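Working notes, structure below.
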Amino acid sequence: MAAVSGLVRRPLREVSGLLKRRFHWTAPAALQVTVRDAINQGMDEELERDEKVFLLGEEVAQYDGAYKVSRGLWKKYGDKRIIDTPISEMGFAGIAVGAAMAGLRPICEFMTFNFSMQAIDQVINSAAKTYYMSGGLQPVPIVFRGPNGASAGVAAQHSQCFAAWYGHCPGLKVVSPWNSEDAKGLIKSAIRDNNPVVVLENELMYGVPFEFPPEAQSKDFLIPIGKAKIERQGTHITVVSHSRPVGHCLEAAAVLSKEGVECEVINMRTIRPMDMETIEASVMKTNHLVTVEGGWPQFGVGAEICARIMEGPAFNFLDAPAVRVTGADVPMPYAKILEDNSIPQVKDIIFAIKKTLNI
């Protein structure tokens, strides 16, 4: 009775507020998309947008791709635009380059970039050099794509990083996506580019889901080639990486943050042309640099970054020598314990960061 009389004595507006039914709601979960599906979506949208785009490679059509990246595209676009080829990288890469010279926009899939060695003449001599050799008269709008870098248990001839190989060649653009957003935005930009673009995907990342922001779901979503992304802001040290090791760098940064060390993690996205402006600006802020890559140490991507820092304005801002974290200088072993020790792990990145900061 006391509670009821208390309500009676209160103003009507206040009583109605107390009696109003309250609803609790949870925000919808962010859309999760795997890297595989993001690439598939990007190719699908570009095939739909431009009838000059087509995909060719081993098992890309009826089998939906060795890694199911082209799943559903053959059923949607048919034999003329999703083309299964014989096991001859030199042959179908040459056909693709010729088609690009004739005005089409081929996507040439290598089952693994290790097999692109069979077609290196077509990629370098035919695709990369033609625009220059023709005095700018003959563009070659072609995409070479497929899994790159270390895989699991496939040994030396199927496990290595080609970022430095192709990044060395003028006339090529080279991109190396990490997450689903990267994968879709970069594959679409690569297909629309009038130059040959090498898209270095990662086999171990295909099935990994990432949050897919609303802007990435648009058919107009593009990531500009030649622009890096700061994945984590920091003030103590700059950590630069590409492809799968970006995730390792973020894990290392999370561990070190608990110890008071704030790492700025840069996802390169593009190997060539390299976004040195973003890297230099970060180094000028943090005064320290660590590069991380899955490739071999000699003449690698990290070595190129360090050389450019030495030659540019950021060098005078360094408080300690730059440090590289790379794969081991050996062909990829088969045994799992040796394989794990041949590519950078989170502990290796943490060690390098602490070494650079002298902590």
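Positions of Cβ are set from backbone N, Cα and C atoms, glycine also.
Taken from Swiss-Prot, the feature transit peptide covers 1-30, and the record attributes it to experimental evidence.
What Swiss-Prot lists as phosphotyrosine is Tyr67, and the listing cites similarity to another entry. Long-range neighbours of Tyr67 (phosphotyrosine) (same chain, six or more residues apart, CB within less than 8 Å of its CB): Arg36, Pro147, Glu203, Tyr206.
Taking Cβ-Cβ distances under 8 Å and a sequence gap of 6 or more within the same chain, the neighbours of Glu89 (thiamine diphosphate binding site) are Phe110, Phe115, Ser116, Gln118, Ala119. Here Swiss-Prot flags Glu89 as thiamine diphosphate binding site, drawing on experimental evidence.
Feature annotation from Swiss-Prot assigns K(+) binding site to Ile142, Ala190, Ile191, Asp193, Asn195; the stated evidence is experimental evidence. Residue density at Asn195 (K(+) binding site): 16 other Cβ atoms are found within 10 A of its Cβ, drawing on all protein chains shown.
Positions annotated as site 'Important for interaction with DLAT' by Swiss-Prot, on the basis of experimental evidence: Asp319. Counting only same-chain residues at least 6 apart in sequence, those with a Cβ under 8 Å from the Cβ of Asp319 (site 'Important for interaction with DLAT') are Asn287, His288.
The N6-acetyllysine annotation in Swiss-Prot covers Lys354, and the record cites similarity to another entry as its basis. Within the same chain, the residues at least 6 positions away from Lys354 (N6-acetyllysine) whose Cβ sits under 8 Å from its Cβ are Leu256, Val261, listed in sequence order.
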For Ile142, Ala190, Ile191, listed as binding-site residues, tell me which one has the smallest number of other Cβ atoms within 10 Å. Ile191
Please list, in sequence order, every residue of the chain apart from Ile142, Ala190, Ile191, Asp193, Asn195 whose Cβ lies within 8 Å of the Cβ centroid of the K(+) site. Arg105, Pro141, Val143, Lys173, Ser189, Arg192, Asn194, Pro196, Val197
Close in space but at least six residues away in sequence, with Cβ under 8 Å from that of Asp193 (K(+) binding site), the same-chain residues are Pro141, Lys173, Ile225
